[in-house]
Amino acid sequence: MHVLMNRIVKYTPDLTQEEVDQAIQESFKIWTDVTPLNFFRLSFGTADIMISSGTKEHGDFFPFDGPFNQLAHAFSPGEKFGGDIHFDDDETWTNDTRDFSGIKPLR
């Protein structure tokens, strides 16, 4: 079993922290069910996978494009941004399955 540390650095304001935590946990469970990976969440410090949300220029030289196109991007393992996941906060994120105007994480 290989353990990967993850940390949510910046939450979207569209969902509660608990909703984001649950969506991330569910997505990692999909991986743990079919691979020898195990994910452990950190509350502070540097992790293998740093998760954040941002808009336009958000610090990685790959700016988001605004709403309705690129939803997120991730980086392969390596230095600097390796393993990181970034979500576009110009999108509207929701957990409401009746709301067709927003993006549903893992639904």
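Just so it is clear, glycine is given a Cβ too, placed from its N, Cα and C backbone atoms.
Predicted, not measured: the structure shown is a model, and the values here were computed from it.
When the candidates Asp33, Asp48, Asp65 are compared with the Ca(2+) 2 site entry in TrEMBL, which names Gly82, Asp84, the shared residue is Asp48. Checked against Asp88 (Ca(2+) 3 binding site) by C-alpha proximity, the binding-site residues Asp14, Asp48, Asp60, His73 yield His73 as the nearest. With respect to Cβ neighbours within 10 Å, the binding-site residues His58, His86 differ, and His58 shows the lowest count. Neighbour list (Asp84 (Ca(2+) 2 binding site), Cβ cut-off 8 Å, at least 6 residues apart, same chain): Ile49, Met50, Ile51, Ser52, Asp60, Ala74, Phe75.
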